[in-house]
Structure formats: C-alpha cells, structure tokens
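Engineer: Please read through the structure below; I'll follow up with questions.
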C-alpha cells in the first residue's frame, strides 16, 4: 500500500525560484507522487519549471485555475497538454460552457495519439474560503451546498474530477459517484500547523473520506526532516487505504 499511497501524495512547490524548486524535486522525487506548480512559481519560471520536473522523472499538477472566456481556457488547456502535465485545473465557477470547452479541447488533442491525457479538474470552493467569504461576493448558499453543486456541474461538463476540501469529499462522492477524481488540499497531519486553511483534515481522515490525491506543502517543507515528514504522511495514507 505504500507505493499506492505515495502516488497519491502531491507536494506543493510553493517556492520563489526555479533553483529552489529543483532542489525540492531532487530531494523528494520517489518520496511523493506528483509535484504541484502554482501561480507564483509558474509566473516566475514559466513552462521551464514543468520541463525541469519532467526531466527529473516527476509528474506535474499544473495548478493555475484557469478562469476566462471559453475559447481562451480551451487554448490554455491545449498548452497544458503540450507540456505533458499529469493534471491541471480550471475554476468550476467559470461555468459549464467554459469547462466543456476545455474538456473537448483535451479530447481532440489526444484523439489521434496513444498518450494518456491529463486529468482535467474543476476547482470548487477554495479551502481558504468560509461562508462569510462567499457572502462577501454575493453567494448566499452554504459551502456544503455549493461544492457538490459545482462538482456535478464539472462532471456534467466532461471533467475528470474536482479539487475540494476533504470536508466535502463525502458530499461529492454521494453526488458524483466513485468514478470521479477528488484532489484535496487543506490536509494537515497532526504534527503540523493549520496556517491559512479553514476546512482541513489529517491525511488519514481525507483518504478514509474518499480523497484520491492529497496536496501537502508546508507540513513537509517546514519540517526539520522533510523526507521523514513525507514518509510519515505516506504511511498514514497507506494505513487508511488498508482499512478502507
């Protein structure tokens, strides 16, 4: 189960330079399954950071949360495919047409080839968002209603899964079924601080709830022993998988 659990652990490369990113990739390759590249690192380094990770044999989650007019997002989706990422995401709040356009672009790009397409994920509600945050932007529905609603919208648009807090995993499973990937940030092992995440669980709890992939950054990066921290998280995930 350790190998399977390791494939499900995504390390967030929330760093300020390509050199720092490469240092982490060298340190953690083989210890985690996927490396997440977000807006800060991608804006600083561009596509080269994705190529660097792949050159080291790593998989990439391109976490840019595309949200624009459908044509623009569809073209961005094609560029993500060209980079060879393992998964990337769009904002579910962008609507059905935007998500469906991205899904169709991915299908068409891989239609004639033998390569495996990336997982296309919809971002539901950010784990840093509370109901007060939603009310500030005019959304009066509770988080536990909005998340499965957006997940169903994403599935109907042809996406492969969603990004959501582990607290809503059960709601998504009931609404969308088992054959729908759920990637969960907001995961904090017992030995780590919660930081700015609001709706969190431990790695074991998240896996037990039905998460397919866990995104972890600071609990590993801020540890005195990052490799050991990653291993402890993988072991907790593996134990939950065995119990499940």
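Keep in mind that glycine also has a Cβ here, set from the backbone N, Cα and C atoms.
OK, Swiss-Prot features for this one:
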- 14, 36, 63-72, 127, 188, 197, 217-218: substrate binding site (BINDING)
- 65: active site, proton donor (ACT_SITE)
Engineer: C-alpha of the residue listed as 'active site, proton donor' to C-alpha of residue 127 (substrate binding site): distance in Å?
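Structural biologist: Computed Cα spacing between the residue listed as 'active site, proton donor' and residue 127 (substrate binding site) is 14 Å.
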Engineer: Where among the recorded positions 65, 67 do you find the Cβ with the fewest other Cβ atoms within 10 Å?
Structural biologist: 67
Engineer: Helix, strand or coil at residue 14 (substrate binding site), per DSSP?
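Structural biologist: Reduced to three states, the DSSP call for residue 14 (substrate binding site) is coil.
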Engineer: For residue 70 (substrate binding site), what is the secondary structure state per DSSP, taken as helix, strand or coil?
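Structural biologist: Helix, per DSSP.
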Engineer: Using a 10 Å cut-off on Cβ-Cβ distances across all protein chains shown, tell me which of the binding-site residues (14, 70, 127) has the largest neighbour count.
Structural biologist: 127
Engineer: When you measure from the Cβ of residue 217 (substrate binding site), how many other Cβ atoms are you left with inside 10 Å?
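Structural biologist: For residue 217 (substrate binding site), the count of other Cβ atoms within 10 Å is 19.
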Engineer: In sequence order, which residues at least six apart in the same chain have a CB under 8 Å from the CB of residue 64 (substrate binding site)?
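Structural biologist: Residue 64 (substrate binding site) has long-range Cβ partners 38, 39, 42, 76, 80, 88, 89.
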